[in-house]
Amino acid sequence: MSEGISLSAEFIDRVKASVKPHWGKLGWVTYKRTYARWLPEKGRSENWDETVKRVVEGNINLDPRLQDSPSLELKQSLTEEAERLYKLIYGLGATPSGRNLWISGTDYQRRTGDSLNNCWFVAIRPQKYGDSKIVPSYLGKQEKAVSMPFSFLFDELMKGGGVGFSVARSNISQIPRVDFAIDLQVVVDESSESYDASVKVGAVGKNEVVQDADSIYYRLPDTREGWVLANALLIDLHFAQTNPDRKQKLILDLSDIRPYGAEIHGFGGTASGPMPLISMLLDINEVLNNKAGGRLTSVDAADICNLIGKAVVAGNVRRSAELALGSNDDQDFISMKQDQEKLMHHRWASNNSVAVDSAFSGYQPIAAGIRENGEPGIVNLDLSKNYGRIVDGYQAGIDGDVEGTNPCGEISLANGEPCNLFEVFPLIAEEQGWDLQEVFALAARYAKRVTFSPYDWEISREIIQKNRRIGISMSGIQDWLLTRLGNRVVTGFKDDFDPETHEAIKVPVYDKRAIKMVDQLYKAVVKADQDYSKTLGCNESIKHTTVKPSGTVAKLAGASEGMHFHYGAYLIQRIRFQNSDPLLPALKACGYRTEADIYTENTTCVEFPVKAVGADNPNFASAGTVSIAEQFATQAFLQTYWSDNAVSCTITFQDSEGDQVESLLRQYRFIIKSTSLLPYFGGSLQQAPKEPIDKETYEKRSQEITGNVEEVFSQLNSDVKDLELVDQTDCEGGACPIK
């Protein structure tokens with residue numbers, strides 16, 4: 001393999017001298033605590049210029065033409081492209097996904113082929129492991145096993161991804177009868193540092209257990225793969241097809257699992273110890289044993305996935321993100337979170353949605369659930385399979401392998417397929433002098449290269465090679481349209497009738513300038529993909545564009561999140577920090593208000609006054625003032641003219657608008673591919689992440705801030721390695737992984 005593409009120090013110095021990053025009010029702080037990796041040789045975490053260099057070099061070197069003796073002309077061309085990308089990302093006119101900001105260009109990326117993708121989807125049905133990095137020793141590669149989709153989910157969650165999974169009736173019906181109840185004993189050596197804590201959650205001392213001819217013993221290696229294989233073995237022993245010897249006793253030895261607080265060298269952070277795994281294994285075994293002689297239900301399968309997600313949360317740089325997709329007439333699935341005990345124990349681990357098609361009409365109970373607790377969400381698989389952008393019309397089977405979606409709902413996915421995201425802030429890019437068509441072309445090429453990663457799972461490799469799906473998103477959409485047009489995209493509504501139900505409806509009227517703007521950019525993305533695909537000799541991407549929810553990444557640039565309206569014209573935004581976080585002294589020195597977090601010990605809540613882009617515009621609207629009808633209409637606009645994948649949106653509604661949910665879901669059934677809704681809470685919760693304030697309060701609080709956090713932090717020189725990242729819900733639905 002040839003020497004890779006690298007960016008020179010001279011070039012980076014020129015960019016730093018000429019380009020100012022468009023940090024939002026929380027931008028640099030959010031970057032430093034979330035995406036700046038530790039540099040052991042320098043005894044500090046990365047600076048922004050170093051992060052962008054790592055990220056861009058990690059991506060540009062995925063171009064497959066670099067594998068074999070590339071010409072000087074090719075290397076020069078790719079170096080120039082890397083320089084354009086560097087300048088774009090450094091200025092925050094666009095960014096790759098948060099996953100890429102954290103992982104791209106690291107040894108972990110080079111070792112772990114799946115590491116650059118945010119989220120995945122898997123169907124919960126027996127599947128073959130195939131030629132994957134993880135294959136249980138007792139299985140042939142082509143042998144179907146009940147454990148496989150659970151192993152896939154567990155593995156991808158531990159790599160930091162989110163996973164959508166389908167427990168629709170068509171999948172669950174393929175799972176055979178549970179043949180055996182398994183006597184599971186989890187053991188830990190009495191000399192282990194984790195012994196006492198492990199016994200408290202159900203393990204026993206190793207010397208207390210006697211192996212016999214009827215038992216299977218497995219000592220887990222201290223690896224991610226070891227955790228996955230232990231769970232796979234446990235699941236598969238319950239089924240005669242994968243337990244031909246009819247063994248009914250399993251001893252899992254967790255003595256080698258590193259203790260709580262030990263360093264995780266690959267993904268980063270510190271270990272949780274074996275305790276969450278012990279609890280997970282015992283709980284999953286109970287779910288399966290309870291169905292011995294019978295069949296698993298969609299709720300059982302979702303419980304297993306949720307228990308896995310609960311265990312994975314126990315790391316300091318991950319939040320387990322799951323979306324459970326069930327059948328729309330499966331009342332047990334729809335109501336599964338009403339069991340408060342199980343909700344508190346593990347069912348919180350997924351957002352739940354139901355699959356519908358455009359002929360579906362049973363929205364009344366769904367709307368009732370949404371008004372009560374914001375669930376279920378809606379995923380229209382019929383639209384996803386047969387439409388790109390809605391304006392381009394019906395295209396039978398254009399995405400025919402689609403079975404579900406990622407946890408945030410912006411990408412329709414086939415079994416084993418991942419999201420592959422890049423985000424453009426069009427207003428910021430334009431202000432920095434960029435031609436938006438070039439920006440979106442660079443974005444498409446960046447995402448295309450990610451599809452050439454060496455994926456760990458066979459199902460993923462095969463579908464990625466076929467689809468080469470990319471998801472080029474725009475964020476700060478409300479900022480851009482309001483600034484460029486002087487008004488919001490929905491200019492009004494006109495009276496009409498539903499063509500099938502003949503119900504009276506209000507049809508949105510869109511600003512035609514906005515239609516032209518997004519249509520031109522969509523075509524620029526498609527053209528860039530066509531050209532690059534031809535150059536690389538690979539399939540064109542099956543779909544290209546999306547709108548992602550963009551919580552953390554939008555904070556970097558200070559933009560509105562995806563298509564969402566700002567939560568308020570003026571806000572107090574709160575971020576929680578571990579008390580030992582070196583950013584805290586700098587924030588206090590600069591005048592930011594801080595107080596002890598009332599929800600979590602050893603945590604400090606810091607308040608940031610924020611003014612939304614366009615707050616003074618008379619046509620500005622916030623999530624607290626914009627109507628539910630306009631939010632639906634805005635999502636429909638983007639699904640019609642911009643996104644050929646889907647549009648992630650959490651529509652917020654006031655109590656007085658709850659009775660509109662059912663009719664609006666029905667009205668947009670031919671347009672919107674996925675959506676979720678939540679009641680608007682304003683700032684009513686104590687220490688709420690976002691609290692709307694008035695202009696006077698904003699100006700008063702802003703005057704209290706007297707310093708630049710980045711400069712003060714540098715002067716204090718107090719960086720710390722492996723800090724715990726305190727969890728916060730950055731996207732409305734809480735579905736996104738932190739990174």
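The count begins at 1 with the first shown residue.
Note: Cβ is positioned from N, Cα and C throughout, glycine not excepted.
Annotated active site per Swiss-Prot: CYS408 (among others), in sequence order.
Of all the Cβ atoms in the protein chains shown, 30 others lie within 10 Å of the Cβ of GLU410 (active site). Per Swiss-Prot, active site is recorded for GLU410 (among others).
Positions annotated as disulfide bond by Swiss-Prot, on the basis of similarity to another entry: CYS119-CYS419. Cβ-based neighbour count (10 Å, all protein chains) for CYS119 (disulfide bond) stands at 31.
Summarising the annotation, Swiss-Prot assigns region 'Effector region-1' to 147-158 and lists similarity to another entry as the type of evidence. Residues 114, 120, 122-129, 134, 136, 165, 224-225, 227-229, 231-233, 235-236, 242, 267, 304-305, 308-309, 312, 315, 318, 320-322, 416, 456-457, 459 of the same chain, all 6+ positions outside the region 'Effector region-1' (147-158), place their C-beta atoms under 8 angstroms from a C-beta of that stretch.
What Swiss-Prot lists as region 'Effector region-2' is 168-313, and the listing cites similarity to another entry.
The annotation region 'Adenosylcobalamin-binding-1' is assigned in Swiss-Prot to 565-626 on the grounds of similarity to another entry.
Annotation source Swiss-Prot lists region 'Adenosylcobalamin-binding-2' at 685-724. Beyond its flanks by at least six residues, the region 'Adenosylcobalamin-binding-2' (685-724) meets 28-29, 32-33, 38, 40, 43-45, 263, 268-270, 316, 567-574, 578, 580-583, 585-587, 589-593, 595, 597-599, 605, 607, 609-611, 615, 622, 624 of its own chain at Cβ-Cβ distances under 8 Å.
A Cα-Cα distance of 9 Å separates CYS408 (active site) from CYS119 (disulfide bond).
The 10 Å shell around the Cβ of CYS419 (disulfide bond) contains 28 further Cβ atoms across the protein chains shown. Helix, strand and coil counts under DSSP for the region 'Effector region-1' (147-158) come to 12 helix, 0 strand, 0 coil. There are 35 other CB atoms within 10 A of the CB of CYS408 (active site), with all protein chains counted. Per-residue confidence over the region 'Effector region-2' (168-313) averages out at a pLDDT of 93.
The distance from the Cα of CYS119 (disulfide bond) to the Cα of GLU410 (active site) comes to 11 Å.
Residue pair CYS419 (disulfide bond) / GLU410 (active site) shows a Cα separation of 9 Å.
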